[in-house]
Structures are given as C-alpha cells and as structure tokens.
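For reference, the structure is listed below as structure tokens.
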Ligand code: ATP
C-alpha cells in the first residue's frame, strides 16, 4: 500500500518546450517581433547576440580561435577583435568555414543549457541564418518575418545610417525572400506599422499548436 502511494505521488516529467525558430532577412523586423514575443510572456534565445558574447566568455573558444586565426583575434584587453577577424576571413571561405565550425557548436551547447532552464511550453530561437544553416530542422516550427525589399532597405538605412548600396549588397548575399517563404511554417508580413506587427505576432504565436 505504501509503495502504491509513493507511485501515485511520482511527478510526471515536464514535457520539453517546443522550439520555434524565428528568422528574417536584414531589416525584416525579426528583433522587433522577438521583443513583442517576450512582452507576450515567451522566452527568446538570441543566437546571434549569444554568438557575439560567447567568443568573449569561453576560454576554450578563445584558445581555439587564436589557434585558427592568430593571437590578433583578441585585443590587448582579451576581447574578440571583430575587425581583425572579419579582415582575415573576408576573402578566405575555408577559414570562415573553420571559424564557424568552432563557433556554431558552442552556440548549440549554450542554447541547450538555456533551454534546460525554460519552463514555458513554447520558446523562440532568433537566428538570422535559420534556413541557410538548416537549423529549422531542429525546431518544432519556423516563423519568418518578411517585408518588401525596399521597405527593409529603408528601415536599415534609417537604423544604421548605411547607404542604399551597402544595404543592397548585404541583401544580395542573403537567401532570397521567396525561398524563405517557401520554407517557413508561419509568416509575419511586416510591411505596415508596428501596431499591425504586434497584432500579427500575437495572432501567430498563440495559434501555434
Ligand atoms: P537585422 O537583421 O538587420 O538586425 P531585424 O530583422 O532584426 O534586422 P529590426 O531591427 O527588428 O530588424 O527592424 C529594423 C528596423 O526597422 C528597426 O529600426 C525597427 O525599429 C524598424 N521597424 C521594424 N518594423 C517596423 C514597422 N513595422 N514600422 C516601423 N519601423 C519598423
């Protein structure tokens, strides 16, 4: 009887949260949507921000990056020298690939550690290269924020003070919107104002089953 009692008391293991991959091209509004998602009470993991932070946080990563790119990859204060690294890998695709082979697994582990601490049934993972790196395959669903190219360009010019040509050259290197739209499970069209964007975000996230 005692044994039966303790059996019935055993807590069911918590189901792991469903991971929604949130993505969008430059200036699409994915960060704005991510902030709305947090306002609606769901946690967001910012992959690109975490990747930038991890290169300074992990001693293991620092050693590997210095081995690959030289001591100059970190400045006199021990901080990742983004300009040095960019110059090194800009014209060397293999080197860039090797650098990513170091950074991406570290972000994966960082995400898994973050995920273990989450208690909501849905979590969001903001990643610019979700489809390019096929990370959507590791997600329950993908959510794409998209907008017309000219609208995205204008927003980035206003936000970053970049020229039309600078934004255009970044866009040209990204996966075309039409290809991303085909791959996405859920879509948010960010062609109008922030109120509309917030409403769409609410509708989409609360309709994910
Ligand atoms: P990136 O990949 O370049 O970091 P992103 O996809 O994260 O861009 P955001 O930073 O969210 O895009 O948005 C780009 C800019 O456009 C920001 O300044 C943001 O405030 C503005 N913005 C986004 N959506 C709207 C909107 N619907 N109306 C007006 N401004 C917007």
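Heads up, the Cβ atoms here are built off N, Cα and C, so glycines get one too.
The structure displayed is predicted, hence computed values, not measured ones.
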Where TrEMBL places region 'Disordered' among the ranges 1-20, 21-40: 1-20
Other CB atoms, at most 10 A from the CB of residue 32 (ATP binding site): 17
Site with most surrounding Cβ atoms, counting all protein chains shown within 10 Å, from the binding-site residues 28, 31: 28
Residue 30 (ATP binding site) CB neighbourhood, other CB atoms within 10 A: 25
